Structures are given as structure tokens and as C-alpha cells.
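Notes to accompany the following structure.
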């Protein structure tokens, strides 16, 4: 069971670090004056899908080339931006087209309407932004729960720290005490000394008695 928890925790950590790396890729370009946009439709699939984050690098009109993915003011929806592929340049007029569309865009686009070209695609990072813009709160809730589950999963390998071990209770240190044999030997020495004293007294008394009997 512990092995399963450890493996699951490592997998969750790997996923979290991948998500963090993708987020860094999407944010870092702001430091050099670039910006990012979330793709809201699938008009340019399969190269770029809805929910992807595309980093946009500002360019001048002379840097535009056919085949580039460009972000420009939407001529059909004032105040909105469009991300399509540039297929033709004719003077100051640009012809754009979504990769998933059968025909080119009918509304003309000028070079002055272009905000920049796409230089980096970060897949899936813009899904929360897309869900919020479309008021898809159920998807947002699922995403939040998924992130929380991943964060909890990264700690699974520490869960078994709370489980009891089979080592049993720790034994308290004991202090050595003198063995009975030592005390016995000590008492035996005292008994031996007393016996010698008694024998000396007996010998002394006997010698006195002998002397008394030998006199006239």
C-alpha cells in the first residue's frame, strides 16, 4: 500500500511541475514586452486549438510574411481581436484565413490592424480563461477540484508517517545495580574475619588451661 502512495505522489508532483512550467512559459514573455492571448474558437485548428495560450510578438509591417499566424483587430466585430493565418500580402492589404475554414476571410485587413505574430503556443493553459468567459462554471469547478486533488496527491507519500510501526514501544534505559554476588562476597569476608578472631580466642583459652594444669 505504501508503494502505491509513493508512486501516486510522484506522478502528482510531475503533473504539477508540468503545469507550473507551462504557466511560466505563458507569463515569461511579458517581461520583454510581448503578450499572450487565449484562443476562444477552433477556427485555426489543428495547429492551434481552443483553450490554448498563444504568445504574441509585436512586429512592424515590413516583418509580416505569408504563413505567419497573426493577431489583428476583428473587422467584423469592433473591439475584438482575431487570430488567423496570413495567406497573402498585397500592398497594405492582408488576406487572412482560419486553417479550419474552407475560404479566406471576406473582410479586408490592413497592416495597421495587426498587433503581432504568434511565436509560442502553450497548450491548454487558457482553458480556465475560456471557461470563465463562456460562464462555464461547472468546468471551472472541475478544474479547481482537479488542482486540489493533485496538490493533495503530492503529499500521499507522507501519509504513512501517521501509521503505527511494528517496532513496539521504546525500552527505557536501565541503570546497572550491583549484583548480589558482590554483596555476598563482602559479607563472606566479614564472616571469615570473625571466625578467625573466634579461633584465636579459643587457642588463647586453651593455652591458659594447659599452663595451669602443668604447674605443681
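Glycine residues also receive a Cβ, built from the backbone N, Cα and C atoms like all the rest.
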Ranges 14-34, 35-55: which does TrEMBL label transmembrane segment?
14-34
Looking at the ranges 77-96, 97-116, 117-136, 137-156, which is given as transmembrane segment in TrEMBL?
137-156
